Amino acid sequence: MGEFELIRRHFQRPGVALPGNVPLGIGDDCALLQPAPGFQLAVSTDMLVESRHFFPDVAPQALGHKVLAVNLSDLAAMGARPLGFTLALALPAADEAWLTAFAQGLFALADAHACPLVGGDTTRGPLNICITVLGEVRAGQALRRDAARAGDDLYLSGRTGEARLALELLLGTGWAIAHTPPDALPRLRARLERPVPRLALGQALAGLTHAAIDLSDGLAGDLGHILQASGVGAELALAELPLAPDLQALPEAQRLDCLLNGGDDYELLFSAPPDARAAIEAAARTSQTPVHRVGRIRAEPGLRVLNAAGQPVAFSTRGFDHFK
Ligand SMILES: Nc1ncnc2c1ncn2[C@@H]1O[C@H](COP(=O)(O)OP(=O)(O)OP(=O)(O)O)[C@@H](O)[C@H]1O
Ligand SMILES: Cc1ncc(C[n+]2csc(CCOP(=O)(O)O)c2C)c(N)n1
Ligand SMILES: [Mg+2]
């Protein structure tokens, strides 16, 4: 199978019609996309590299899902609706079975969000997968990191920490193995390998919420990006953070580390003024997404983590950083 045969067989889908806002997809020098009038184009790129973002033995179907999911999560964090995506692939070999399974995982998620593959690039090399997503958001309504204001409530979708616990189990870390239920690995692994992008919630929040970010590097570190961009600080109430049952038996320090420095969560963290509480609840309901109010934005810079008694907890932020 040559390069063009590979693309034709696995990524061009002649039977699948393109939506009206994609007048031209795979096959020319560029794809053409048409955002609706009054909408802005939202663009984001995320790359997954073998042994850095995923283990070499990961199921190709899960990988196809995850590489698109982490990109869609960035659109969700801006309140954007997906229009389409491009796929840049470096593959060590043209492995038919691997490509079939990868494409299955990829297109299952793409189809669920009506987000077509519109182009890409394919080369031989160490396994490396890069997606660029394109979305649209009504002009002026995108959820930006610099929009948090003192007095805002801080909200979290879903819950954090399970992906990190899965990673530690797969790495064979002693504390994780000793304090996790013996049957937990398959469900925790799904949290690491099959994140669910919160697109419906993000779109329901556009125009409603102040700031938002999706959690890829860890709750505390990613919250830090909002705080820095907005020039504010925050309080996080530990007692309000939802705790996954599989994290309950962890020693306190490791539980805190999973919850706040976990990484790979792909939940949304966002801020909104207190008078938006009813609207936020409605957005959570219509998007069928669990949302918890977990803290507050403050004028004083810095992040304070508070225990159930409202006392500060000693805690150091260690967001994921590829060069630290
Ligand atoms: N090589 C690069 N050239 C230009 N801009 C970049 C480059 N790498 C990252 N950026 C930009 O820097 C910002 C932060 O990038 P980062 O990859 O940390 O995004 P993120 O959403 O915080 O995390 P994630 O990649 O996990 O979604 C983004 O605006 C991104 O577009
Ligand atoms: C094998 C393996 N080792 C480590 C991790 C953890 N990890 C890697 S990159 C990243 C942050 C998001 O990436 P980026 O900032 O590049 O978008 C995290 C939490 C993993 N998932 N798999
Ligand atoms: Mg992001």
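Numbers run from 1 along the shown chain.
Placement of Cβ uses the backbone N, Cα and C atoms for every residue, glycine included.
For the Mg(2+) 4 site, TrEMBL lists Asp29, Ser44; matching the candidates Asp74, Asp95 against that entry yields Asp74. Taking the binding-site residues Asp214, Asp217 in turn and counting surrounding C-beta atoms within 10 angstroms, the largest count is reached at Asp214. When secondary structure is read from DSSP and collapsed to three states, Ser216 (ATP binding site) falls in the coil class. The binding-site residues recorded for this entry are Asp29, Thr45, Gly120, Arg145, Asp217, and the Cα of Asp217 lies nearest to that of His53 (substrate binding site). Spacing of Ser216 (ATP binding site) relative to Asp264 (substrate binding site) is 5 Å (Cα to Cα, whole number).
For the binding-site residues Gly120, Asp214, Phe320, a Cα to Cα distance of within 10 angstroms from Asp46 (Mg(2+) 1 binding site) holds for none. Contact annotation for binding-site residues (Asp46, Asp74, Gly120, Ser216, Asp264, Phe320) versus ligand 1: Asp46, Asp74, Ser216, each with CB under 6 Å from a ligand atom.
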